[in-house]
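TrEMBL annotations:
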- 2-80: domain 'Threonine synthase N-terminal' (DOMAIN)
- 101-333: domain 'Tryptophan synthase beta chain-like PALP' (DOMAIN)
- LYS112: N6-(pyridoxal phosphate)lysine (MOD_RES)
Amino acid sequence: MRYISTRGTAPVLSFEEAMLTGLARDGGLYVPETIPTLSRDEIAGMAGQSYEEVAFTVMRPFIGDTFTDDEFRDLITKAYACFGHSARAPMVQLAPNHFLLELFHGPTLAFKDFAMQLIGQMFQKALGRKGDRVTIVGATSGDTGSAAIEAFRGLDNVDVFILYPHGRVSEVQRRQMTTPSESNVHALAVDGDFDDCQARLKDMFNDFEFRDGVKLAGVNSINWGRVLAQVVYYFTAAVSLGAPDREVSFTVPTGNFGDIFAGYIAKRMGLPIADLVVATNQNDILDRCLKGQGYHKGEVHASISPSMDIQVSSNFERALFDAYERDGNAVAQLMAELGQGGFDVSQGAMQALQDLYRSGRASEAETTETIAQLHTTTGELLCPHSAVGVKVAEDQRDPCVPMVTLATAHPAKFPDAVENATGIRPGLPSRMADLFDRPERVTRVANDLEALKTHIRKALA
Ligand SMILES: *Cc1c(COP(=O)(O)O)cnc(C)c1O
């Protein structure tokens, strides 16, 4: 299996190289050259299997000869051993034909753990046998950073630096990043918003002298390995609801378009997905784009679902690449226009996107109302991101097709929003109850490429 860049000019890589590299050298994102498909029988065979067994079947065709079958099985087992639920991704029913897929039983209580725990294992294995060491730098609106730090803390072959927007992450998120005491963990509070963090990260990758000097590696959702790990739970959920004999739809609280893109990959692999619904908060640039209004950047407005507060949705580039029939030049052109503020999508590409994705948005008031209402009708406490999903799913779903809404974080990760809606303050699971007592360690840095480079070089010296 070979990987190509969405901008068409970076070298073609193996799975291992694409995973260790992150962003392509032409500024693009790596995608598989072809999408493997699973037969109806292979999908039917997943019924009743463990999460780990399904994970192996779904991901194996993408990894080429990077790992042997035994090695890969072992990495998957280790990745999910620390989850707090034996099903890994259990489902609960909210209403007739509406289900909630709980993706928050990992060590940092958000779905990011599904990918990050596996990436940590895969990096460790691949770097260990080469005797290599890399510097991982990630940008986060809160959940990616905590998941990355949890996955890489104490590993021999990596230093991990996480850029988060100062003052714009929840206290639980911040503490998950600042309390690990391992010396290879570095939390950086940047004076800016999430898009600034993401932009500085891209700057570092495009500074080849720095990139090669510190052996920069990326674990943001631009990393193909992240997207791949997220394809698995679409299969486990759909199969438990009757796939391949029955179609299932999904609604996905969306920011960087990584999670929903994994759903698209599942569909291309042969999973019978009826609708893929993109759910956004008040930062609704994707909803507007998918309704044909072009992709034009505005201001980021801080919301109660901060992990979706973005204007630049990096993985949308992967969707555009396919919508433009894999024309790397066209994508490079769009991304150059985005640098100037935005772009319009061609008629053909728009049709292709609308054939694949539906979309909706939830306002702040609607999000709070949904948390309250779901608590009344089901007793379930939703995190605000999951509530955005449930609201949009209720607006859009076909009552005859099972709808699965992805619950992307545990309510205890965003206790203020949940308490405000329901009067109940959700408690942390007991395994992390001492989070508020541990000492914090963090460096405040300017929103400036040179300052960041200097800080990272010094910390590594
Ligand atoms: C990251 C995140 C999202 C958005 O996921 P994308 O893959 O960036 O679209 C939604 N909810 C939560 C809780 C998250 O951490």
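Numbers run from 1 along the shown chain.
Even glycines carry a Cβ here, placed using N, Cα and C.
Classification of the residue listed as 'N6-(pyridoxal phosphate)lysine' by DSSP places it within a helix. Take the CB of the residue listed as 'N6-(pyridoxal phosphate)lysine' and look out to 10 A: across all protein chains shown you find 32 other CB atoms. Per-residue pLDDT, averaged over the domain 'Tryptophan synthase beta chain-like PALP' (101-333), rounds to 95.
Taken through DSSP, the domain 'Threonine synthase N-terminal' (2-80) splits into 36 helix, 9 strand, 34 coil.
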